[in-house]
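Here is the structure we will look at, set down as structure tokens.
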Amino acid sequence: MKSSATVVLLVAAVTAAMVMSSSASGDAVMIDEHNNIMTSVEGKRGIGSSVVANGGNRKMANVLLSGWENKCAGHGESCLGIGISGCCKGYYCSWPSGSICLCVPKGDPCGAMHTCCDGLSCTGFFSGDCV
């Protein structure tokens, strides 16, 4: 009984920390309806929700990740929290140096993880230059 309460508190603490860090950037909404805590991040990121439900003597915690909105982060937009695959085609996430989506301009080195800007191509798969 103590361990399930500890798990619920741990999940609630992690969720609260995620919501606070997300709220600081102004892109999240937290809704508390009768102790059911839901977090929603709109726009270019997915929607996550955490629900703490009271089921008799036990509390059950479910962390759900809803479907992605099929949107991506474009040039100069933050990719923090959405990972390298969250940038639009033709862009890569500069994580951890700046955590924004970028593309490689003409004449600069490129490769599989550093894609050229629209209209340009890389002379090599792993290593080359944008032309």
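Glycine is treated like the rest: Cβ placed from N, Cα and C.
Each of Cys103, Cys110 is a candidate, yet Swiss-Prot gives the disulfide link of Cys122 to Cys110. Of the cysteines Cys116, Cys117, only one is given by Swiss-Prot as the disulfide partner of Cys130: Cys116. Between Cys93 and the candidates Cys72, Cys79, Cys103, Swiss-Prot records the disulphide bond with Cys79.
Partner cysteine of Cys101, as given in Swiss-Prot, is Cys87 (from among Cys72, Cys87, Cys117, disulfide bond). Looking up Cys103 in Swiss-Prot gives a disulphide bond to a cysteine among Cys88, Cys117, identified as Cys117. Among the listed disulfide-bonded residues, namely Cys110, Cys116, Cys117, the Cβ with the most fellow Cβ atoms inside 10 Å is that of Cys110.
Comparing CA positions across the disulfide-bonded residues Cys72, Cys110, Cys116, the one lying closest to Cys101 (disulfide bond) turns out to be Cys72.
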